[in-house]
Amino acid sequence: MTTQYTAKAGRDVEVFIPLKGRPTPNVTWRRGDRNIAGDNRYTINSTERSTTLLIPKVTRDDCGKYLLEIENGVGEPKIVTVSLKVLDSPSTCQKLIVKNVTRGKLTLSWEAPLIDGGSPVTNYIVEKKASTMKAFQAITSECANTTYKVTGLEEDVAYFFRVSAENEFGVGDTCETAEPVRATETPGGVKDLVMLDSTKTSVTLQWTKPDHDGGSHITEYIIEKRTEEDSTWTLGATCRRCTCEVKGLKENAIMDFRVFAKNEKGTGDFSQIGPIIVKDFIIPPEASLVDYPNGELAVRIGQNIHIELPFKGKPRPTISWLKDNQPLKESDRIRFRTTDNKTAVTVRGAKKEHAGQYTLVLDNRTIKNYFDINVITLGPPSVPVGPIRFDEIKAQSIIISWDQPKDDGGSEISCYSVEKRETSHANWKLVCSSVVRTTFKIPNLVKGTAYQFRVRAENKFGVSEALTSPEVIAQHQYKPPGAPGKPVAYNVTSDGMTIKWEAPEFDGGSPILGYHVEKKDRNSLLWQKVNSTIISNREYRIIGLMEGLEYSFRVYAENNAGLSPVSEQSKHALAISPVDSVTLQWDVPKRDGGCKIVAYSVERRQGRGKWLRCNFTDISETQFTVTGLSPGDRFEFRVIARNAVGTISPPSNASAYIMTKDEIAPEIEWSPDQILTLRAGENVRLGCTITGRPVPQVLWYKDGKEIDKRTMIDIEITTGIGTSSLFIRDADRNHRGIYTVEAKNNSGTKKAEVNVRVQDTPGPVEGPIRFTGITVIDSTKSSITLEWTKPVFDGGMEIIGYNIDMCKASLEEWHRVNRQICIHTKYTAKGLVPGELYKFRVSAVNGSGEGEASVMASPVQALDRLTSPEIDIGADFKQTHIVKNGGIVTLHVAFRGKPAPLATWSRADGELPVMADVNTSDSFSTLTIEGCTRYEAGKYTLSLENNSGRKSITFTVKVLDTPGPPGAISFKDDFCLSCLAATRRRRWFCYYWLLYRNAESGPGGMDPLQHNSYKDVRVHPHSHASGRRIQVQNHCLQCRWYWRTC
């Protein structure tokens, strides 16, 4: 039996009390001492077995205790107390009073409501209204106490106040003040009391109003005075303004003055000034420049220049104006205006020439003072300073440069725009609108076409006039190159030799395409061309030479303009194979001098030098190997014979010249003063010393790939005997990397590398830019969101942000979208025309400037992008929830969709429980059920729907509770009975119980239903009774029996 009920306001409450007793008990319902049977609000239904009290649409007034009294003349009457708790807003607050009234402030105090509506009061709402108004306005809705200090009340206004309490179920009735209240007091003291003027018989005082007037208007000001000799204050004057002249004073008297403000409450505090000597007062002429910080005034071109200065002085000064120290005269454009205490000059439609120094001259015949205002005109910058220079002219591109404008228009130059046109066309085409330097490379030109270019400067106020270049033809400005360096022969053999040479000092304005080589032996008059195809490197191997002849060589270079003059002729080189050692063989002399030849001696000569002996012991054979020869030299050899008696033969004829090998493995040493980290635009210089014999062949690599001058025309490589260098003019980000120099000859190979870092503007952002969605600001389609990734190369400096440009696809006129640098890789462009196609491009910015832009591949249309509802399922998501009886279950679902889906909760077998609470936003919905019982178990479904589709998800809630009651008992035969299974089970259970007793076994004639002398049979559900059929034996067939199951 339930004796405690809780219900929300507005719902019906039915109190059910089962009854037992014989005879049938009489029922009386009371609330307090009042019998409510006769109250039409309540409906009472009573039977033999129960009584029901129905309270329709309960309110907070229905909460409390209800008493049920039952009696039937047998025994003492019984009383059952039923408690009803109504969940409603609080009742009216009590005893609202006003206290601590001051100027513009007061304090409200009240007592809490007698009925809190079944929930604690969370806060109070305080409201006010002027007595002349009809509607209340809220002062605060978050008052936590039963007092509140009200401030900011207006002057001369009477107010009503009211207070209402609020709990989680709503706002209660209001409690209102009975009479209007006015917040007033005496005024404060006047401020800034000064002497404005004085004469021989009067003093003029000036002041400002008090900070507060006490809540009512100030009716007048009272001025009191006293002399130095008399300490008594007397009335000097009264007035209603904040200036007053006190007359009737004695000349040269020393006076004190004080001023009071007065309202309907009385006089406030006074302000005092003194001592003041009564005499004629002289004030030096002064002007106030407080409205012009630093004495400057900035004006946009086309607007009016207006300078207005308050002044003072006694005697009154004469006024004149100067412009740049020259008298300023009134005209149609220039106007003057002067009042008692202010003077102004106005220049209509300001131009650049109106900038300068404006001077106000105040002269009162005793003192002359000057007051300067510097006027700055703001507008577009002046035209860039020309002429436009052509720093580099090629067939496909031209580099132009110019100087900054003389006048920046009062704002920093933000960028330049460059345009081009073919002289055969009248229309100009924009090349770039965001040039940050005074130089620019114009690409994609047509070879042989005449062009004009023009440049405009831009600041935040506008764009300047254009600076136009003269005509120029896009073509290479080439000349034949200069003569190459003198060739040097090395790695000489009997049939060939290698030569190398230096590049020309002047390339003619065009990269060197290659070289040609000619040869000539010493005895020939004609030069023969060696190569059949152009030679790309600065070394070449000539083969097919005749052994023993001396050869010389010459070289000439070729570029797009033609052939260079021939180089200086090389030194003659003998075609002979070098050796490390020489093995000589000879025949015995034809005559031995009459005695056996016993020894030989071998001699050598280097060039034209002396003959030197090669052997240190006697040679007995006719063969000898000479070692220890110096490398790279030519030698001759001869043999001398000696017989047994010591006679020495004349020397043999000298052998032919023999060349020795000169081979040393290469070595590389970098120059110590080279710079490996530099900024964009600086030159890269790499140099090294290379040793080895024969002279090594030198190759340069960048990032592991050989540098080919035909493709890498911006890299100059110079290699001489013993040295090699690499030069890059105006390096940029593309020149960063690892540079490797390789030297190789017959004795080996050597490599050395350096890492060159170039700090430049960032590369283009990686993309393409991904179109990620449309943000709808209102009912129109007006924005597009872009997203991109960081550039692969940051220019050697940190990326500080991005710039976004946009244009309509039909116009191709780019303009900057973001006012400030975007620091994220995501941006939303707003204010777009619905349905219009747009293009976007994004460029990265670092400390060196703005990099190349990455352009969106295809236009994007400003349209709503609708998405069907989707449910976000996290790692902790579960669809089956198990809760104990009396517990709380929370079903939370996160979702998304455009437009925001409509979320609806439903239950498979009926309406949602009374204690269910639903909380829904644009991105989630939560169903909370408190105090769960077996009746809240079941399936709950959340349905999501918008214009793009529908989505739903079903949850299963299980409540761990005792089983429900079995169905009605029915008899199958004389000894067997059966019952329906429990219709609502919340968990499996272990047993069925069958209870029975004799209907006549109640003592003293008591109703057998009131007697609990039941016998029981416990049956396991897995036994025969699991079919919910039970056989009962050994009971009297003549008696009546009561049966119940559980």
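Cβ from N, Cα, C; glycine included.
As given in TrEMBL:
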- 89-187: domain 'Fibronectin type-III' (DOMAIN)
- 189-281: domain 'Fibronectin type-III' (DOMAIN)
- 285-377: domain 'Ig-like' (DOMAIN)
- 384-477: domain 'Fibronectin type-III' (DOMAIN)
- 483-579: domain 'Fibronectin type-III' (DOMAIN)
- 580-663: domain 'Fibronectin type-III' (DOMAIN)
- 666-757: domain 'Ig-like' (DOMAIN)
- 770-865: domain 'Fibronectin type-III' (DOMAIN)
- 869-954: domain 'Ig-like' (DOMAIN)
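Looking at the domain 'Fibronectin type-III' (770-865) alone, the prediction's average pLDDT is 77.
Most Cβ pairs under 8 A with the domain 'Ig-like' (666-757) among the ranges 89-187, 285-377, 384-477, 483-579, 770-865 are made by 483-579. For the domain 'Fibronectin type-III' (384-477), the DSSP counts in helix, strand and coil order read 0 helix, 50 strand, 44 coil. Mapped onto DSSP classes, the domain 'Ig-like' (666-757) shows 3 helix, 57 strand, 32 coil.
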